[in-house]
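Taken from TrEMBL, the feature signal peptide applies to 1-24. Taken from TrEMBL, the feature domain 'Peptidase A1' applies to 91-449. Per TrEMBL, active site is recorded for D109, D330.
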Amino acid sequence: MRPPEVAAAAAFAVVVLLVAGAAAALEAAAPLPASLRLERAVPHKGVPLEDLRRRDAARHRSARRGLLGGAAGVVDFPVEGSANPYMVGLYFTRVKLGNPAKEFFVQIDTGSDILWVTCSPCNGCPTSSGLNIQLESFSPDSSSTSSRITCSDDRCTAALQTGEAVCQTSDSPSSPCGYTFTYGDGSGTSGYYVSDTMYFDTVMGNEQIANSSASIVFGCSNSQSGDLTKADRAVDGIFGFGQHQLSVISQLNSLGVSPKVFSHCLKGSDNGGGILVLGEIVEPGLVYTSLVPSQPHYNLNLESIAVNGQKLPIDSSLFTTSNTQGTIVDSGTTLAYLADGAYDPFVNAIAAAVSPSVRSLVSKGNQCFITSSSVDSSFPTVTLYFMGGVAMTVKPENYLLQQASVDNNVLWCIGWQKNQGQEITILGDLVLKDKIFVYDLANMRMGWADYDCSMSVNVTTSSGKNQYVNTGQFDVNGSTRRASNKSFITVGIVAMLVHMLVFGGSSQLRDVVVPVAQ
């Protein structure tokens, strides 16, 4: 019999070979889904759970928003990225701006309003990205259709009233209409507003796709700080899908270009994939609940949570929407965050309901599990109940994060976090993936349904006719700005699991820090 040290070394060598083989297999994999395409976004290295939390905090800022108006055809946007934290854990789209048109990668964020992109010159802005995309910068002076928004402009006046713009009392009417956005972790961006042409595809009622354009107002960032300066997950800006009148949704709707509703279906696999349209997906099985009116975010009336059909002992008043409470749907958040008072009952219920074959362990305050069985057969289903008895089914993949695997043993940790000291619940990409979500602002409601987001969806146009939008195939070599197709496993996790498999027992792992890599 080999001594334990030799066995551990041999096991670790096997794991290294397995990981290398998996990476090689991914390199040779088939092309990823594309048309309305989501492509995989991969960093050069793993990102700890703490960084995910900080980045999520950076996306949670307050802002007042107005309502949309008007109706028109369906606008679709190409989408890229992945919900998998190992693969960066964000979704982003491409927008074309200016004349001549330039393409920019911007994060999809339903938790904010304004579209802004990096401009030239820019202080502190990253010049390279760990997503293996080429970063660009916008120059108003280089676009023949660009104009700066001044403090005397009515659009600036409206933005001043909602806190989305900045003009000093000493500024002249011709002074630029500025903005400063500060995020929860101290990160921020500042700049000024410009008006220029945006180009996009419109799905028409005659089953044709038209190349369209419209003049919109967006932010020109000339200063960034904090996490926005980091290259590992850098993009060209943020695309706010909120309700404020300066959001692109509001602007295109008021111009008669798009309807008063948008939808997304974000594929949750490592390969990514999905659909994003300014229009209404009308697939069978969609259920709707009311949006809370007059709120700065997309708030829903969450009433209770059940694990395996058993409602948790949580006072329903904890979920009541107020300035300090409520439930928000936010695609700019990677994980999910439960109100402080709801977190412990949720985690305890999950731990009590897992299959007897699952081994539990706690690492740095995170509840984790080791199993060789499928999560669907080993973990309970969670149900969120909203006003009107409307239910959202949350499968194990929507509340667990796979940390690593060795042979048939997989390490899973609960990906929902405690919103420490706050009674705000935030449903981020971990929950939103593998579901259709419809933001019906005309009727102030939100709908959802479980769905395979690699499949076509039925979308209603302004004419009342339905069109199919799908996620066809895309040549992996067809874009010079495409993310690479690789996977990384933190060596520390692998070594820890090898230690477990060789020596056995979970007690030896309780003091091991289990990092979450992106």
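Using the three backbone atoms N, Cα and C, a Cβ is placed for every residue, glycine included.
Cβ neighbour count for D109 (active site): 22 (other Cβ atoms within 10 Å of its Cβ, all protein chains included). Around D330 (active site), a 10 Å sphere centred on its CB holds 25 further CB atoms from the protein chains shown. A Cα-Cα distance of 7 Å separates D330 (active site) from D109 (active site).
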